[in-house]
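S.K.: Quick one: the structure is below, questions incoming.
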Amino acid sequence: MKIGIIGAIEQEIRKIKEIINNLKIKKIGNIKIYTGTFKKIEIFLILSGIGKVSASMSTTISINLFQPDFIINSGSAGSLNACLKIGDIIIPKKTCYYDVDLTNFGYSKGQIPEYPQTFKTNKNLREILKEIAVEFKFKFLTGLLVTGDSFIRKSNCIKKIKNQFSSAIGVDMESTAIGQVCHNFKIPFIIIKSISDLSDNNATSHFEKNIPIASLKSSKLVKLLLKKISSQNSI
């Protein structure tokens, strides 16, 4: 089995690198690719860089070079739900752009032409993750994760997003782009995000303080997922 894992920044992949055997590194442009194994699984861990374009490039490279059975996007997110606190986990059912608007042409808010409005994560992987999260007592929510090329750090931005996507529980800068590429190439994907900040006026300082916590939590869940999959050798 071959699994691609994508994280935007070094903190989000550092702990994952530690569990990969025979670790090797290569670069394509500014994108770092770590290859190796975890038990019987071939791992392709990509440091994508921040934002939708970087995430899209990294996902396309992963699929074209390595043909993974599925892709994991691991890292941090801002909370849009009062129940989600620092270190809590989001296991999204689906993801959507909050900064795309072609509604004047009859498309739904967030929808790219020729694509669905939302991109759904793989149900089997999602259910496995939920079982693991319950077993190991992670606090988590499932729902809609929204993506855009801005770090949300103001309460009025939260209000605007929630007015347009009332069911959104979190916000990030990469996941929907990864979902769109996976949809295009028919590759299953799953998202594991841990809350680093509350997307409010204190978001910048909270992110800087809490990114180690969020990265540790999301990486731990990735490791547990890999263990589970390696033991059953299927999804």
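Just so you know, glycine gets a Cβ as well, placed from its N, Cα and C.
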S.K.: Among Gly78, Gly87, Gly106, which residue does Swiss-Prot name as a further substrate binder in the site formed by Ile152, Met173, Glu174?
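M.R.: According to Swiss-Prot, the candidate sharing the substrate site with Ile152, Met173, Glu174 is Gly78.
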S.K.: Given Glu12 (active site, proton acceptor) and Glu174 (substrate binding site), what distance in Å do their CA atoms have, once rounded to a whole number?
M.R.: 13
S.K.: Looking at the binding-site residues Gly78, Ile152, Glu174, whose Cα is closest in space to that of Asp197 (active site, proton donor)?
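M.R.: Looking at Cα distances from Asp197 (active site, proton donor), the smallest one goes to Gly78.
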S.K.: Go through Gly78, Ile152, Asp197, our recorded positions, and report the one whose Cβ sees the most other Cβ atoms within 10 Å.
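M.R.: It comes out as Gly78.
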